[in-house]
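One structure is given below, encoded as structure tokens.
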């Protein structure tokens, strides 16, 4: 009973925060907005902690908290219930924990914005939907959360809605996600028709009775993966994420790095039984993930906007997560979600702190030497950079390595490509770090005058996240390094179904400790090497990227312009669709409006006639009544219908 | 059966309270009385009891309908604060009459003997005639009362004739006797008196619930009556009438469904078509609401036409959803029209009265919008589930052509319901901020919340019945 109460409180508290700040926008005093908005996430984080400790104390027993019967139509029964198990608890910890920190940070970051209260309300609403997404015990509740976070993402990307290009970015994110959502929705329909239920427990239980390579499961998993492509920004639906950086930086940290974009990974891990049943889907996923990781990393090499670099880095890291999933390393994928949430949130918040100090300047060509002015930001950003680059013993090293080790067992070429991507990651991150914090200040004198370290509400989250980025990897130290893969052990029960349908995919590590150590050595060495190259280029030689207008060699030009993917989509999809829309519109104008107009005319005419019957005279009313009564009597009693119908030969 | 006794006593007590100098106590006292009766109605929950020498039967279903009627009455009474501002009004009498009329309504809901049905209908009707004409100096109100009375007595005559014929054939007024008589193997069309009696009885009640073609009184009476009593009539009378029809048709006369089913189907279609089409042309909001109430009688009739297991749930839920939304709409109309009329100007109850309302009064605009959405049956409001359940009964019975008509008419209804919303949000008007008394506001907000909550969690009520 107590656990159920906690389950209700966890999403409810942020929702209350949303209601308070949303309804009270411009009425709640500014000093109260922050505490109100932060209280929800923090309290719900405490509730998650308590739930988590109960769960551990209770012997890791998963359970379902049924809130109420929600929809009950014919064969369709959908409960509003929450699933509490290893997976949802990990996600809950990340969402509420990192979420609380980012809420706290937002107080400092957004305080002087005109829409401060509205912003905090949207953040709270986002958290509510995200919690629904991870807690729901069936696909429909997940879908509600899925759509809800999409809505909040839209609202927050276009938060500064007086800027047209920001609005376009928001719309782009929304439309691209809709494409993915359509796939997800079709997947849910197919799940319902196949299994007769959308409840995880029912679906997975009946799925374990199916054979590997089942066609229906293939379709289901592909459709679900289309949904994941949209939400988690994989090729071909990734272009919205870099544009989404138009939103305020805390939004980028919370929604577009730490939580929402990992929903696709969560969904795949949640449906791991289905995916294990369909090796072909996993192969496709692996290809797409690898391509995404490399493409995004290479674009990141030449970007000059501090947030754009981080955005492409996010796309690339999401690719790594899917790469892990594609070789059935579900824990590896989730582990990377976890560590990525720490260091990427840290990096975004650090970038926010820089942007804050630089009076909204985002171009790293105009920065430099900031470490003297923003020491805390610098040190924490450095930690984040080391962590994401995969240099031991920071968090990113362990999680990325776990994925790469599994890939190695599966396919050596993919592994090599993965290491290449990891080299690029290290390079562009250190390039970013060096250009921002080292060398001479390259901005205007006025910007220099304003440089200041951010307030405590902003630096405190940075420090907490920095600590987590350092020690986060210890959660799952592999056996080869003397650990015992604690996270993998913890999450193992989730894959019982998968193990049952395809034991081969879970054969356990076949390679020895020395082989694993060698792999680790290579990837760490490559990352270090890239960092050193970046150091030589941008610190020793003090190179600064050329301005936009400069002449570039052809390959550099292609990469600098993000492979012209956006332009490609514009020509291939947007314009034809728009032309089709224009065409249909003119047809619609003519045909549909004509029909609608005719119906409206008919209704009005009939109505005008009927109205006249109501003439106000009692005599005629009574006459009409009696006439009707007489008619009924005549029709029912004095006409023999069987003989009439027989006479008419009907 | 406690509410019947309580309400009778309370009604008399109210008349005595009317002697007091201060009228301020009347409204809270009436609300308290209704609340007590509401609570008392649940005493018999879960038991099937015959009362008063087998004259009345209390079941969960009858309690549910009683609760809806009392809830509606409570809400209507709480919107009646304008009485107290009017010097010449006699609130004690009106409140007492409302309480007495509730007694009639409860009798109609829980009758076991047809005599009780007749007595209930008459108690309710006579009270309504008086309340319709309560605005004594208003010519329209007087005309409406007279019209209502004349046509009502006509319908009563038909109904009484029907009762007499039923007694003549079966020799009993008791529902269970009638049931065994009907199920005891009567040939189709014979004895003729049984069928004729049922037909006349049905016509009498169909008149009360304003189903076409017996609806002609409704627009004139609803428009002429003071808005408060229009709200009372369109909810309490309708709910009680449908409870009575359900009791008759689903219990006693199921055996001859083939006879009355077709008649009801015809009445349903005529009701839906006539009401929805005519409502389109109205320029007065209040008159539109009259046609709206006729059209909802049509939707409720669908559940009776397809009488079955789910009809009870559907009728209870629909009555509740409809009553709450209707009272909220009339509540907003009351404050708006009073605000617009001002000094010397006649009361403005047209759509134009709502022009630009939402700009200065977002709360009133929202309440009205939710009410209209619910009446139109838009999802996430109680009205949607009401329609859904009603349509489900017909689908289960396989009467699809009726469903097609109903859905089409429902689409037509969006036109006139949304006109208000458009007027409130998109038209320009000079409406200034309207001051709404706190209690009045709370009741309207509660109605809105109830509409939305039932729209999200219909099982809260559905699972009870």
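Every residue gets a Cβ built from N, Cα and C, even glycine.
Annotation source TrEMBL lists domain 'NADH-Ubiquinone oxidoreductase (complex I) chain 5 N-terminal' at A:70-120. The domain 'NADH:quinone oxidoreductase/Mrp antiporter transmembrane' annotation in TrEMBL covers A:138-425. According to TrEMBL, the feature transmembrane segment maps to A:32-53, A:88-107, A:119-137, A:143-161, A:182-198, A:218-239, A:251-269, A:309-331, A:415-438, A:459-481, A:517-538, A:618-639 (among others).
Counting Cβ pairs under 8 Å that are 6 or more residues apart, the transmembrane segment (A:517-538) and the transmembrane segment (A:218-239) reach fewer than 3 and are not in contact. The stretches the transmembrane segment (A:309-331) and the transmembrane segment (A:218-239) are in mutual contact, each linked to the other by at least three Cβ pairs under 8 Å (pairs 6 or more apart in sequence). Nonlocal intrachain contacts for the transmembrane segment (A:415-438), taken as residues 6+ away from its ends with a CB within less than 8 angstroms of a stretch CB, comprise 290, 293-294, 297-298, 300-301, 303, 306, 309-310, 312-313, 316-317, 319-320, 323, 354, 364-365, 367-371, 374, 378, 381-382, 385, 388-391, 400, 403-404, 407-408, 519, 522-523, 526-531, 533-535, 537-539, 544-545.
Put simply, of A:88-107, A:182-198, A:218-239, A:251-269, the stretch with the most CB pairs closer than 8 A to the transmembrane segment (A:143-161) is A:251-269. For the transmembrane segment (A:251-269), same-chain residues at least 6 beyond its ends with a Cβ under 8 Å from one of its own Cβ atoms are 87, 91, 94-95, 98-99, 102, 105, 123, 126, 130, 133-134, 142, 145-146, 149, 152-153, 156-157, 159, 184, 224-225, 227-234, 241, 244-245, 275, 285, 307, 310-311, 314, 318, 321-322, 325, 330, 333-334, 337, 340-341, 344-345, 347-349, 352, 494. As a whole-number mean, the pLDDT of the domain 'NADH-Ubiquinone oxidoreductase (complex I) chain 5 N-terminal' (A:70-120) in this prediction is 86. In terms of C-beta pairs under 8 Å, the stretch of A:88-107, A:218-239, A:459-481, A:618-639 lying closest in packing to the transmembrane segment (A:32-53) is A:88-107.
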